[in-house]
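Features as listed in TrEMBL:
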- 1-17: signal peptide (SIGNAL)
- HIS185, ASP208, HIS210, ASP212, ASP307, ASP309: Mn(2+) binding site (BINDING)
Amino acid sequence: MFSKTSLYAALVATVAAHGVHEDQSPILGPHQSLWYNTLPGDGGKQADSVFSGISTFGRLPYVQCMSQRDVKFDLAFIGAPFDIGTSYRPGARFGPSGIRQGSRRLNLYGGYNVPLKTNPFDSWATVLDCGDIPVTSYDHAYALQQIEHGHYNLLTRTPATDANEKGPSLQGKTLPRIITLGGDHTITLPLLRSINRAYGPVSVIHFDSHLDTWKPKVFGGAPTDIASINHGTYFYHAAQEGLLANDSNIHAGIRTTLSGPSDYENDGYCGFEIVEASQVDKIGTAGIIKKIRERVGTKKPVYLSLDIDTLDPAFAPATGTPETGGWSTRELREIIRGLKGLNIIAADIVEVAPAYDTNAELTTMAAADALYEIMSLMILKGPTSKMVEPSEEEL
C-alpha cells in the first residue's frame, strides 16, 4: 500500500507528465488579452469556448471609457439603456446587455467576414466595448442629456489611428467612430445632437418599419415639451433642430399604418425619401441598395440608425412595436453590405427588448449580426481621415 507521501509524489508526477507537450507550441487566439490559447488554425484562429467569460460585444476588450479619459480607440461600442420613450412594449433598456449576449459567437471561428473579405476583430483599428452610458430611468429629459453628453464624450476623443491627420469634423480633425446599443429609438435624437456638434448636419440612413417623423400632436399628443419627444417623433425634432442634411436622408423597410397620407407629406418636409419593405419583391435587394446609395451620396458624412423591427417578427420577435411583412435577416445583411464605401461615421441599433425573445435568442443574435456587418463596413473604410469619395475598389 502507498503511503500518503508516495501517493502525493505519484500524483505530482502524473500532472507534470500530462502538462508538458514539448512538440506543441500554442498560438494566441483572436484576443491576446484573454486567458486562453488556441492551436493553429487559419492565421492562428480556431473555434473556442464562446460560452466562457463575461459578455462584451463580440468578446471585445472592455474598458470603462467614460471614467478613463486617456483611453484611445478607433471604434467603440457603447450602450444607452433607455426605454421610457416607448409607445407599446417597454423593455429595450435591456437591449445593450441582450445584444452583447447575442454577439458571443461572432468570432467563434476567428471573425472573418467572407462576403466583405475583412476581419473587423483583427484589423488596423483599435476596437473596444466601453460599457454603458449611465442613464437614469426616472427623468426623461435628464436621461436624454446624459446620452448626448456621454456619446459626445467618446466621439470627440483622440483616436488611436491617424490622430494628427485632417478629418471631416467641423474642426477638421479625425475622430473615432461610435456604435450605440439601444435603448428605444428616442435615443437617436440625443445621438444626432452629439453628431451635429462634431460634424454639423448629416445624412441619415434609417432602417425601420415606422417613419418616426410624426408630428407630436399626431403621435401621442404633446401635453408637455418632453412628452412630445418619443420613439415616434424624434426625427421630427431632429429636422426642426437642423440636425439632418436636407434631402439626402432615407427610410428603408417602411410598412407602417398611418393617420393618413399627410404623414408621408410631413415625412418629405423632414427631408426623407421612403423605401417600403414590399419593394424588395419588385426590385430586389440590389434595387434597395441602389436607392439608398443614390439618396445619401458618397461624399457626405452618413449616420446609420437601425431599428430591429426592420426585420419581420419571424426573425426578430423581441421588439417594442413589431410589424409583420418585414425583411429577412438574410435580406437585411445583404442590403447593409451593399453600403460598402459610404462615409458612415457612427451608427446605432435600437428597440431590442430581450424579454420578448425566444429561448434561442433569435432577436439578439440578429441584432448582433447586423452590427457585425456595419462594423465591417467601418473597418473597411479605414479611419475617418480616409472619408473621401470611394474608389472603384471600395465599390
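The backbone N, Cα and C atoms fix where each Cβ goes, glycine too.
Whatever TrEMBL says is automated annotation, not expert-curated.
Around ASP309 (Mn(2+) binding site), the same-chain residues at least 6 positions away in sequence with a Cβ under 8 Å from its Cβ are ASP208, SER209, HIS210, ALA316, THR319, GLY320, THR321, PRO322, GLU323, GLY326, GLU351. Cβ contacts within 10 Å of ASP307 (Mn(2+) binding site), excluding its own Cβ and spanning all protein chains shown: 28. Annotated Mn(2+) site HIS185, ASP208, HIS210, ASP212, ASP307, ASP309; additional same-chain residues within 8 Å of its Cβ mean position, judged by their own Cβ, are HIS206, SER209, HIS231, THR310, THR321, VAL350, GLU351. Of the listed binding-site residues, namely HIS185, HIS210, the sparsest CB environment within 10 A is found at HIS210. For ASP212 (Mn(2+) binding site), the same-chain residues lying six or more positions away in sequence with a CB closer than 8 A to its CB are HIS185, HIS206, HIS231, GLY232, THR233, TYR234, PHE235, TYR236, ASP307.
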